[in-house]
Amino acid sequence: MAKEQLMVLNALDSAKIQLYHFKAIVIAGMGFFTDAYDLFCINPVMLLLGRLYYTEPNPLTGAMPTKPGTLPPNVKSAVAAVALCGTIAGQIFFGLLGDKLGRKKVYGMTLMLMIFCSLASGLSFGPFGPYGVEAEPKAKAKAVIATLCFFRFWLGFGIGGDYPLSATIMSEYANKKTRGSFIAAVFAMQGFGILAGGIVTIIVSSAFNAANPAPTYELGANQSTVPEADYVWRIILMFGAIPAALTYYWRMKMPETARYTALVAKNAKQAAADMCTVLQVDLEAEPEKVETRVQGNDFGLFSKQFLQRHGLHLLGTTSTWFLLDIVFYGQSLIQPLIYADVHWLRQSKQMNAIEEAYQNGKAQTLIALCGTVPGYWFTVVFIDKMGRFAIQLMGFFFMTVFMFALAIPFDHWTSSGSGLGFVIMYSLIFFFANFGPNSTTFVVPAEIFPARLRSTCHGISAAAGKIGSVLGTFVIVYASAPAPSGIGTKNTLMILGGVNLLGVLFTLFVPESKGRSLEEISGEDEEEDSAEART
């Protein structure tokens, strides 16, 4: 026999959609806005860094190289991956802390880290000041990159904390009928972050290019990168702090979730009082029911009971997120190469430094508008109708199909005149990533684990994803280089297609959670009976 549900939890499960739910989506979603903004604005930033710090004349002749400088593969991988490494640490650390201290107590820490480190990333300095005028070019480049990597690690640490905390808070506030849509809507703020990254890049670079006109690299190599370009990448990075700062006050005003307060902290009176304010209804505290529910509800993450109940679930959530992020982050980093291969953008030598950032920002914005943002919101609309399992399986399947459709006839796509068709197909990969596993891998771990382990298990699942993204960052950056140093874009896309196919298989371990209460999904309603059976 299942346990009798607490009145406060029943009220949450059956609550009508209120203004507070939408406020919670925006407040919780700002961390993901910053996450996506940072991820997708880093491509034009790295192009500018390559022009500014790695375009060097021949030491013997003094002649400039035939192409503008780019970040070496190891430096490019480090700049991209260091934030992801910080994210892994933050997901596990804050996930554990969220279950030990409560969601609210550590929620503000993550946002403050993101705000400070976004600003600090734009202030990365050389050995003798912001621009290291007195330093040698190589010393200046090393100092700027090292400082940037330091602050990006801690930016990632803060972003990582937002994954388990925001997902858990939204799942524990939402009603069971629309819970999937609400959690997916928090994650969909990533779409606006991606779009904002492209738009801010367009605005800042176009303004600086108009104020500081310069010739293309092939017409004037030395003059094509104006000193003011150093301001462009800094402003782009620092802008990510603004939306996060605007929501800090409201994040601190959010009460602790009733499920944590009642089921973990065991304070029925406070849980009822908090939800009376949020839901604007009268609720009884029911402390005796809280005591009854916690009996037999104390097994740990490394216990035999957890392995029996949730071991396969954790395998499903970690493996699918790991595979998804190899593809999602890997293909994001090779976007500039793909745009050049299919002749969608001019070659770098045919643009000046700021114009190249502008053109990449414009391409990114178009991809986001056509594929990325719609994919997120299709998930929001359909996740509580189709279910998590069906959307994830469909997403991985179509990502596989379109990835192979690009890779196998790659020579056709790279021929002149086929660029638009390639971009449409490429946009569909992003569409089905977001109307698919990129959204569902975030939603499901926030629903299927017990309250006392929910934040921890979500953090572990998300960390597995970011391990995949780090792997994708290093492997794909090196692999996508032309032969003989790499295997080229075509073969890289083939590998990513194979990874998507594995995602289809591991999705079979992911349970469906549509339309059920969190306690029913996680088995907490039945744990007392299980405890009695063991005695």
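Glycine residues also receive a Cβ, built from the backbone N, Cα and C atoms like all the rest.
If you look up TrEMBL, you'll see 24-54 (among others) marked as transmembrane segment.
When pLDDT is averaged over the domain 'Major facilitator superfamily (MFS) profile' (24-515), the result is 86. The annotation domain 'Major facilitator superfamily (MFS) profile' is assigned in TrEMBL to 24-515.
The annotation transmembrane segment is assigned in TrEMBL to 74-94 (among others).
Marked as transmembrane segment by TrEMBL: 106-129 (among others).
Feature annotation from TrEMBL assigns transmembrane segment to 141-161 (among others). For the transmembrane segment (141-161), the list of distant contacts is 31, 34-35, 38, 49, 53-54, 75, 78-79, 82-95, 97, 106, 109-114, 116-118, 120-121, 124-127, 132, 135, 459, 462-463, 466: same-chain residues at least six beyond its ends, Cβ to Cβ under 8 Å.
What TrEMBL lists as transmembrane segment is 182-211 (among others).
Residues or ranges marked as transmembrane segment by TrEMBL: 231-250 (among others).
The transmembrane segment annotation in TrEMBL covers 312-334 (among others).
Within the chain carrying the transmembrane segment (365-383), a Cβ under 8 angstroms from the stretch's Cβ atoms is held by residues 40, 180-181, 184-185, 187-188, 190-192, 194-195, 198-199, 202, 335, 391, 423-424, 426-436, 438-440, 443, 514, all 6 or more beyond its ends. Residues or ranges marked as transmembrane segment in TrEMBL: 365-383 (among others).
Per TrEMBL, transmembrane segment is recorded for 390-410 (among others).
Residues or ranges marked as transmembrane segment by TrEMBL: 416-436 (among others).
According to TrEMBL, the feature transmembrane segment maps to 457-481 (among others).
Listed by sequence, the residues of this chain that lie at least six past the ends of the transmembrane segment (493-510) yet keep a Cβ under 8 A from its Cβ atoms are 312-313, 315-317, 319-320, 323-324, 326-327, 330-331, 388-389, 392-393, 396-397, 399-400, 403-404, 406-408, 410, 437, 440, 444, 476, 479. Sequence annotations record features per position, and here TrEMBL assigns transmembrane segment to 493-510 (among others).
Counted over residue pairs 6 or more apart, the CB atoms of the transmembrane segment (74-94) and the transmembrane segment (457-481) come under 8 Å in at least three pairs, which marks the two as touching.
The transmembrane segment (231-250) makes no contact with the transmembrane segment (457-481), as judged by fewer than three Cβ pairs under 8 Å among residues 6 or more apart in sequence.
Counted as Cβ pairs under 8 Å, contacts with the transmembrane segment (182-211) are highest for 24-54 among 24-54, 312-334, 390-410, 416-436. Only residues 6 or more beyond the boundaries of the transmembrane segment (390-410), in the same chain, are considered here, and those with a CB under 8 A from a CB of the stretch are 320, 324, 327, 379, 382-383, 422, 425-426, 428-429, 432-441, 444, 489-491, 493-494, 496-497, 500-501, 503-504, 507, 510. Taking Cβ pairs closer than 8 Å, the transmembrane segment (312-334) reaches residues 39-40, 43, 76, 80, 84, 392, 396, 399, 403, 429, 433, 437-438, 441, 444-445, 448-449, 457, 460-462, 464-469, 471-473, 475-477, 480, 489, 492-493, 496, 499-500, 502-503, 506-511 in its own chain, all 6 or more past its ends. Residues of the same chain lying 6 or more positions beyond the ends of the transmembrane segment (416-436) and with a Cβ under 8 Å from any Cβ of it are 188, 191, 324, 327-328, 331, 338, 342-344, 366-368, 370-376, 378-379, 382, 391-392, 394-396, 398-399, 402-403, 405-406.
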